[in-house]
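Peer 1: Annotations per Swiss-Prot:
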- 1-16: topological domain 'Cytoplasmic' (TOPO_DOM)
- 17-37: transmembrane segment (TRANSMEM)
- 38-49: topological domain 'Periplasmic' (TOPO_DOM)
- 50-70: transmembrane segment (TRANSMEM)
- 71-81: topological domain 'Cytoplasmic' (TOPO_DOM)
- 82-102: transmembrane segment (TRANSMEM)
- 103-145: topological domain 'Periplasmic' (TOPO_DOM)
- 146-166: transmembrane segment (TRANSMEM)
- 170-190: transmembrane segment (TRANSMEM)
- 194-214: transmembrane segment (TRANSMEM)
- 215-233: topological domain 'Cytoplasmic' (TOPO_DOM)
- 234-254: transmembrane segment (TRANSMEM)
- 255-279: topological domain 'Periplasmic' (TOPO_DOM)
- 280-300: transmembrane segment (TRANSMEM)
- 301-312: topological domain 'Cytoplasmic' (TOPO_DOM)
- 313-333: transmembrane segment (TRANSMEM)
- 334-343: topological domain 'Periplasmic' (TOPO_DOM)
- 344-364: transmembrane segment (TRANSMEM)
- 365-375: topological domain 'Cytoplasmic' (TOPO_DOM)
Amino acid sequence: MNLNFKLNLKEIERYDLVILLMAVALTCFGVVMVYSASSVMATKKFHDGFYFLKRQGIYAILGCAAMIVAMRIDYRQWREYAVPILLGCLLLLLLVFIPGIGGAAKGASRWIRFPGFNLQPSELAKIALIMYMAYSLDKKQEKVKFFSTGFAPYMVLLAILLAILLKQHDLGSALTMGGVAILMLFAAGTRPRYILGMVVLTLPFLYFLVMNVDYRRRRILAYLNPWEDPTNTGFQIIQSWLAFGNGGIIGQGLGEGKQKMFFLPEAHTDFILSVVGEELGLIGVIVIAAMFLMLVLRGVRVALMAQDPFGRFLAFGIVTLLGIQAFVNMGVVTGLLPTKGLALPFISYGGSSLIVTLFAVGILLNVSTRMKGTP
């Protein structure tokens with residue numbers, strides 16, 4: 001794999017600067033909001049109000065470095081590494097279950113423990129799946145329209161990945177990867193009746209997955225009527241609503257939120273947008289949503305104008321992943337969707353998510369340098 005890190009102003013202009021600006025701005029904003037949302041809790045738990053800020057700052061620097069590396073690698077080179085990368089990620093997903101290697105938290109086994117850092121392989125697996133599908137869809141071309149060659153093999157792969165993720169109690173990542181895969185197949189020309197049939201067949205299984213597992217069933221019931229159990233299953237979403245209500249139109253002011261003071265669970269991770277809503281108001285939330293929308297729209301433009309099918313599928317998969325995660329997170333914190341445990345890209349606290357997200361943006365930026373009409 002050829003790497004070239006020499007950058008000049010003329011070369012930078014070849015990248016989609018809107019995508020680059022949105023990614024960097026959201027990341028910087030995320031570092032600020034992680035500190036605001038976590039400082040009180042960090043002071044009590046670690047006797048250091050800057051604990052999460054320092055870690056998120058390091059993750060942001062590493063993520064930006066990963067993005068720069070990905071920007072400088074010709075995206076077409078990922079084609080030959082797609083299969084080994086996917087196999088490597090499958091191995092990492094399985095290592096999570098080995099005692100002494102894997103780590104668990106709140107009943108979920110999703111991490112591989114390293115000194116000072118926990119790696120979440122599911123974040124890597126999302127990009128690995130996109131790379132592999134882009135490579136495979138490019139290779140199959142018209143064969144993707146047939147069930148035996150263009151649909152069934154991907155469903156087998158998806159079933160294996162989702163089974164591992166469900167064993168890790170990571171339904172959010174499983175649904176996200178499933179959604180990305182289905183949309184990539186649809187964009188590639190898979191017959192809609194195959195997709196519709198698969199969705200219909202999956203619904204009973206999904207119902208069983210949710211209603212047969214106590215904590216998932218309670219989440220659905222809390223989603224339908226959080227006030228029925230406001231001190232337990234409905235507590236988190238009610239506190240989130242209170243945060244948005246306190247913020248109003250213009251917010252209480254940066255750092256002035258009250259719900260993060262041990263009222264709102266996961267204030268610096270999954271529910272960080274609630275803190276944004278309380279401190280920066282509806283205006284702040286709209287600005288964040290608009291930035292995500294702009295990033296997604298520019299990403300779709302890159303996909304549509306890519307010079308080759310591999311670049312088109314790769315860009316489409318990445319922008320779909322970012323869009324789904326942002327939409328689901330916003331839906332959860334506002335009560336439009338049941339609680340899923342998905343981070344808000346760029347903004348929520350978390351090393352694996354931030355670094356992998358910025359790396360994916362770097363790939364997208366490289367595709368943007370080789371669109372139709374560019375040399």
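Cβ coordinates are placed from backbone N, Cα and C, and glycine is handled just like the others.
Are these features on the surface or tucked inside, and what touches them?
Peer 2: The predicted model assigns the topological domain 'Periplasmic' (38-49) a mean pLDDT of 93.
Outside the transmembrane segment (50-70), and at least 6 residues removed from its termini, the chain residues within Cβ reach (under 8 Å) are 3, 5, 23-24, 27-28, 30-31, 34-35, 38-39, 42, 268, 349-351, 354-363, 365-366.
Shown for the topological domain 'Cytoplasmic' (71-81): DSSP residue counts in helix, strand and coil, namely 9 helix, 0 strand, 2 coil.
Outside the topological domain 'Periplasmic' (103-145) by six or more residues, the chain places 78-79, 81-83, 85-86, 88-90, 92-93, 95-97, 151, 153-154, 157, 161, 165, 167-170, 173, 176-177, 180-181, 184-185, 188-191, 215, 308-311, 313-314, 317-318, 321, 350-353, 356-357, 359-360, 363 with a CB less than 8 A from a CB of the stretch.
If you look at the transmembrane segment (194-214), the same-chain residues 6 or more away from its ends with a CB under 8 A from one of its CBs are 147, 151, 155, 166, 171, 182, 185-186, 220.
According to DSSP, the secondary structure content of the topological domain 'Cytoplasmic' (215-233) in residues is 13 helix, 0 strand, 6 coil.
Nonlocal intrachain contacts for the transmembrane segment (234-254), taken as residues 6+ away from its ends with a CB within less than 8 angstroms of a stretch CB, comprise 32, 36, 222-223, 225-228, 263-266, 271, 274-275, 277-285, 333-335, 339.
Residues 16, 18-19, 22-23, 25-26, 29, 244, 247-252, 254, 273, 315-316, 318-319, 322-323, 326, 330, 345, 347, 364 of the same chain lie 6 or more positions beyond the ends of the transmembrane segment (280-300) yet place their CB under 8 Å from a CB of it.
Across the topological domain 'Cytoplasmic' (301-312), DSSP classifies residues as 8 helix, 1 strand, 3 coil.
Residues 75, 78, 126-127, 129-131, 133-134, 137-138, 172, 176, 179-180, 183-184, 187-188, 240, 270-271, 273-274, 277, 289, 292, 295-296, 299-300, 302-303, 306, 339-340, 342-345, 348, 357, 360-361, 363-364, 367-368 of the same chain lie 6+ residues outside the transmembrane segment (313-333) yet bring a C-beta within less than 8 angstroms of a C-beta in it.
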Peer 1: Using DSSP, what's the helix, strand and coil tally for the topological domain 'Periplasmic' (334-343)?
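Peer 2: Here the numbers are 0 helix, 0 strand, 10 coil.
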